[in-house]
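Annotated features in Swiss-Prot:
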- GLU205: active site, proton donor (ACT_SITE)
- LYS339: active site, proton acceptor (ACT_SITE)
- GLN163, LYS339, ARG368, SER369, LYS390: (2R)-2-phosphoglycerate binding site (BINDING)
- ASP242, GLU287, ASP314: Mg(2+) binding site (BINDING)
Amino acid sequence: MSAIIDVYAREVLDSRGNPTVEVEVYTEDGGFGRALVPSGASTGEYEAVELRDGDKNRYLGKGVLKAVENVNEIIAPEIIGLEVADQVAIDRKLIELDGTENKSKLGANAILGVSLAVARAAADELGLPLYQYLGGFNAKTLPVPMMNILNGGAHADNNVDIQEFMIMPVGAESFREALRMGAEIFHSLKAVLKAKGYNTAVGDEGGFAPNLKSNEEALQTIIEAIEKAGYKPGEQVMLAMDVASSELYNKEDGKYHLEGEGVVKTSEEMVAWYEELVSKYPIISIEDGLDENDWEGHKLLTERLGKKVQLVGDDLFVTNTKKLAEGIEKGVGNSILIKVNQIGTLTETFDAIEMAKRAGYTAVVSHRSGETEDSTIADIAVATNAGQIKTGAPSRTDRVAKYNQLLRIEDELGHTAIYQGIRSFYNLKK
């Protein structure tokens with residue numbers, strides 16, 4: 001393997017029309033890697049910091065020229081000459097250069113762009129697909145897609161409180177079949193919503209964003225769409241929710257304000273509500289059911305539902321091994337959402353996935369609401385045999401780019417490809 005000879009960053013746009021960072025890395029022996037950095041709408045308090053310029057005269061203050069400059073002026077001179085294959089050493093160098101706990105000096109968007117582009121350049125130099133370069137020849141498990149087909153909360157301008165209602169085609173025999181099932185249900189949902197007189201505009205992640213009467217109506221409508229598409233809810237297709245409760249939590253009164261429904265709930269009442277929903281609908285996964293700082297609430301939720309429902313920590317764990325270790329020790333949750341830009345380097349991302357698996361927690365590799373055509377997370381999902389991926393509806397190119405990459409990977413793997421379906425939920429006690 002050869003050394004890095006050039007690193008270059010530029011400002012480009014993400015799927016929401018906001019600026020983001022793109023990084024290119026070149027090696028001595030002709031390796032080339034390009035990576036684009038995603039951005040979240042509902043962000044965790046403890047996430048690595050995304051550097052924005054704050055100049056209101058440019059992109060309403062959301063420019064990333066400072067992050068781009070940090071790559072070109074500070075990071076590039078330090079990593080040019082380093083061995084491109086030494087991902088851990090390069091990521092360690094990036095962390096040292098920044099010197100802060102949350103990557104606020106150089107920006108997680110600058111650091112991540114470099115980290116991912118380095119991996120792509122190394123894979124390119126070796127002539128290997130990225131998933132195989134990162135995961136070796138054991139990388140062959142295709143993830144079950146967690147498809148966000150109905151949006152609310154911070155991802156849509158409507159009166160639905162829960163941020164994401166998702167389907168998981170666990171009964172499929174292959175990823176290709178799972179994607180087809182998801183797409184058919186998505187189109188079926190559009191027809192169901194139209195028949196009810198609801199809007200079929202889509203939100204940030206490609207799901208529909210109608211003004212429904214209640215959060216429960218969203219679940220009922222999706223069940224109707226699954227059946228209309230010819231599938232069996234609870235057998236072939238399960239439901240998942242991302243509540244994004246930190247967006248509902250009021251710090252002043254310590255309660256959850258479901259404004260769409262006009263109700264206020266305590267932590268205990270939220271847990272009781274989830275128990276009721278799980279008893280009525282085939283819900284297999286709940287993400288961020290309580291506020292990121294409501295550890296007692298999360299512990300109660302885990303005690304009540306942790307054996308039969310995947311309880312995913314997103315804002316709770318922020319892809320951070322310190323936060324995850326605390327959760328494991330306290331018996332909170334049984335799954336972690338993996339977002340590369342929450343932590344900022346590929347090495348730290350892999351560390352979080354490894355820690356989760358060792359503790360019997362699942363790892364769900366995830367996009368952000370502000371995405372790009374970059375499909376790296378598809379390769380990461382296969383490289384780590386994560387078993388689950390959350391990357392939006394089968395709609396909008398920024399989401400479909402990941403699904404199409406997984407189709408390519410499944411084709412490349414041929415008969416060695418594995419689609420585990422319901423077996424991906426090894427954290428649940430049957």
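Cβ from N, Cα, C; glycine included.
Projection of Swiss-Prot feature records onto the structure.
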| residue | record | contacts (Cβ under 8 Å, 6+ apart) |
| --- | --- | --- |
| ASP242 | Mg(2+) binding site | ASN148, ILE162, GLN163, GLU164, MET166, GLU287, ASP288, VAL312, ASP314 |
| LYS339 | active site, proton acceptor | PRO38, GLY40, ASP314, VAL318, THR319, SER366, HIS367, ARG368 |
| LYS390 | (2R)-2-phosphoglycerate binding site | PRO145, MET146, ASN148, MET166, LEU337, VAL364, VAL365, SER366, HIS367 |
Check: How big is the gap, in Å, between the Cα of SER369 ((2R)-2-phosphoglycerate binding site) and that of the residue listed as 'active site, proton donor', rounded to a whole number?
Finding: 6
Check: According to DSSP, which of helix, strand or coil covers ARG368 ((2R)-2-phosphoglycerate binding site)?
Finding: coil
Next item on the list: Within 10 Å of the Cβ of ARG368 ((2R)-2-phosphoglycerate binding site), how many other Cβ atoms can you find? Include all protein chains, please.
Entry: 28
